[in-house]
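Positions annotated as active site, proton donor/acceptor by Swiss-Prot, on the basis of sequence analysis: TYR140. As annotated by Swiss-Prot, active site, schiff-base intermediate with substrate applies to LYS169, with the evidence given as sequence analysis. Summarising the annotation, Swiss-Prot assigns pyruvate binding site to THR45, ILE210 and lists sequence analysis as the type of evidence. The site 'Part of a proton relay during catalysis' annotation in Swiss-Prot covers THR44, TYR114.
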Amino acid sequence: MQFHSSSALITPFKKDLSVDEAAYESLIKRQIFQGMDACVPVGTTGESATLTHKEHMRCIEIAIETCKNTKTLSNSRMKVLAGVGSNATSESLSLAKFAQKIGADAILCVSPYYNRPTQQGLFEHYKTIAQSVEIPVMLYDVPSRTGVSIEISTALKLFREVPNIKAIKEASGSLKRVTELHYHEKDFKIFSGEDSLNHSIMFSGGCGVISVTGNLMPNLISQMVNCALKLEYQQALEIQNKLFHLHQALFVETNPIPIKMAMHLAGLIENPSYRLPLVAPSKETIQLLEKTLQQYEVIA
């Protein structure tokens, strides 16, 4: 996986709640022009759970087409880490095969939510999906969402026994997990899935981030990651601290509710629309977002 900085993309909707494809393409191009290495369509932040199978595939397709046709500032191509998560292994497998067929660089697969599988069930789930494709696979551990954690022993077993399982997105909130995973397998790539811990994870064995805040501030997320990769601890910490209040504000309600409203307030999407059961943020949250964006001089 030849990338380090990436954003978990929001999925913009029109007022009728259909996917706003033009806005989606524009957001991806902004990621490219502001220095991100990769984009992650249709993950948690992309509201994948409320997209139809057809919409899910179309979002992956748009991301791949846009990255293929738009060069980065270094005249290269931004990578696409396609979200293929589902609580049905068969659906994830289908999405994984589709993503590979149309040119995704790698896939991100979340643990099945609601089902609460055993560790053996998780192992078989990930193994089955990974063995159906040849491109790299990133595990995604986010127990607050799924109700089940990929135990360290299970993650290590998957890495050791399934050749194309190369990485894990760590959104457990546990630095202890990160340090333990890195201690046991230095080549197992760890990506931060928790913006408030980006700096800490990068200096505890992590090699990159998948950021929500990066939707709004891709340049600063990219700069922080690049500083960390060069072992410029203090410079990376200064950027992390600079983003502290924004990271906090974007998670006062369930993700992606605040980030979509923030993107709207910043003029980056026309409609801050959500599909039920997600709803618009409270007045208090909107006021907090407005105040925070003013502090960062995103809005006047």
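Each Cβ is built from the backbone N, Cα and C atoms, and glycine gets one as well.
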Exercise. Going by DSSP, is THR44 (site 'Part of a proton relay during catalysis') part of a helix, a strand, or coil?
Worked result: coil
Exercise. Which residues of the same chain, at least 6 positions away in sequence, have a Cβ lying under 8 Å from the Cβ of LYS169 (active site, schiff-base intermediate with substrate)?
Worked result: LEU108, MET138, LEU139, TYR140, ASP141, VAL142, PHE191, SER192, GLY193, ILE210
Exercise. Cα of THR45 (pyruvate binding site) to Cα of TYR114 (site 'Part of a proton relay during catalysis'): how many Å, rounded?
Worked result: 18
Exercise. If one looks at the chain holding THR44 (site 'Part of a proton relay during catalysis'), which residues at least 6 apart in sequence have a CB under 8 angstroms from its CB?
Worked result: ALA8, VAL110, VAL142, ARG145, ASN255, PRO256
Seminar exercise, completed: The most crowded of the recorded positions TYR114, TYR140, judged by neighbouring Cβ atoms within 10 Å of its own Cβ, is TYR140
For this session: Mind giving me a neighbour count for THR45 (pyruvate binding site)? Other Cβ atoms within 10 Å of its Cβ, every protein chain shown.
Result: 23
Exercise. Per DSSP, to which secondary structure element type does TYR114 (site 'Part of a proton relay during catalysis') belong, with helix, strand and coil as the options?
Worked result: coil
Exercise. Taking the Cβ of ILE210 (pyruvate binding site) as the centre, how many other Cβ atoms fall within a 10 Å radius?
Worked result: 31
